[in-house]
Amino acid sequence: MALLMRGRRVELLVASAMTAYVFLCPFAKVEESFNMQATHDLLVFGVRNVDKFDHMEFPGVVPRTFLGSLAVAGVSRPIVSILQALGGPKFWMQVATRWVLGMMTLGSLVFFSDGVGMRFGRDVSRFLLLICACQFHLLFYMTRTLPNVYALALVLLGLGFWLRGKWQRCVFLFTFTTVVFRGDTIVLFAPLVLNMLLSRRVSFFRMVWWGLSSGIVSLILTVLVDSYFWRRWLWPEGEVLWFNTVQNKSSEWGVSPPLWYFTSALPRALQMTALLIPLGLSSLLPTLLKSHSLHDIAWAFKTAPIVDWSVFSLVWPVFVYLGLFSFLPHKELRFIFNAIPILNMGSAVGLAKLFRNRSKVSKRALISC
């Protein structure tokens, strides 16, 4: 473990695991089809031959934005050109674009983890990435061309700026993500805004100005770009919100119990690392390890703060986010991707507390034996 904590070896481990998932499962599900096909059409036909694009014949249930596919296609272009020059099959284009999307999202995850390191220490940053590498779902889905993954990449950047105290950039990225990719991002954004306002980091009027200006710029951009590709005036995410929220047609794809995220989705996504979250949220561990008797333990509970507010102040917006999402009848794990990195941060803090006090923990274990 000490070797993994040095340099950028943990990042290499995460990138290796993510790359392995790309090659082990290179095929796409139906939810990925629009963005995958859009990326293909942009690479093959270019932006001027929209009439040849797949979505002109098979538009899908609701329109989606092309902005994410444009970004991935632009970054993938050099790799795809090399593969074409070598005579590689077109299937490798799909693998390449999926890997590029994964690396873009991984870059955002590393940016977020570095912000965590600035706040809690370098070891917490390393443990965060190590925990992500030990889990399956987050790294696997980072390479899938889902709107939720495009949103996740931007949300991680926004959270990274949030941890660095760059409030305006955080607000812009969350607003842009909400308007362009996933309107339900506002369910996480709203508690974060409340956190900033309650802590008096940003004034109410400045927050309103940042939100409105960012929203207008984002709306103009998505309407202009996507109206060109769809050949009619539209706001894609607005139509998605109308379909899912107002018409409530998303429930036609199935409904789940109210506590499904807590009883099924999160236990599968977080696995055993979820047990570390209470340690991260509590400040009692170092005090308890210094205790020599039941009297000392009782005194610790009376005098020491139970909650580590430096961690809880960053994690509570996620609990609100998960609680609000639980009211929606149609539930999928991908809807709560944004919560996983923050919960992993709580686990990483808990693991760091154990690691920093490992000599005391070992001593206690020996005494108990």
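Quick reminder: no glycine exception, Cβ is built from N, Cα and C everywhere.
Annotated in TrEMBL:
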TRANSMEM  99-118  transmembrane segment
TRANSMEM  149-165  transmembrane segment
TRANSMEM  171-195  transmembrane segment
TRANSMEM  207-230  transmembrane segment
TRANSMEM  309-329  transmembrane segment
TRANSMEM  335-355  transmembrane segment
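Here the transmembrane segment (335-355) does not touch the transmembrane segment (207-230). Their Cβ atoms form fewer than 3 pairs under 8 Å, with each pair 6 or more residues apart.
Within its own chain, the transmembrane segment (99-118) is flanked in space by residues 11, 14-15, 18-19, 21-22, 71-72, 75-76, 79, 124-126, 128-129, 132, 139, 142-145, 149, 152-154, 156-157, 159-164, 341, 345, 348, which lie at least six positions past its ends and keep a Cβ under 8 Å from the stretch. Contact counts against the transmembrane segment (171-195), taken as Cβ pairs under 8 Å, peak for 207-230 among the stretches 149-165, 207-230, 309-329. Nonlocal intrachain contacts for the transmembrane segment (207-230), taken as residues 6+ away from its ends with a CB within less than 8 angstroms of a stretch CB, comprise 50, 53, 55, 59, 63, 65-67, 70, 167-168, 171-172, 175-176, 178-180, 193, 196-197, 236-237. Long-range Cβ contacts of the transmembrane segment (149-165) within its own chain (Cβ-Cβ under 8 Å, at least 6 residues beyond either end) map to 35, 68, 101, 104-105, 108-109, 111-112, 114-116, 118-119, 141-143, 173-174, 176-177, 181-182, 185, 188, 192, 201, 314, 334, 337-338, 341-342.
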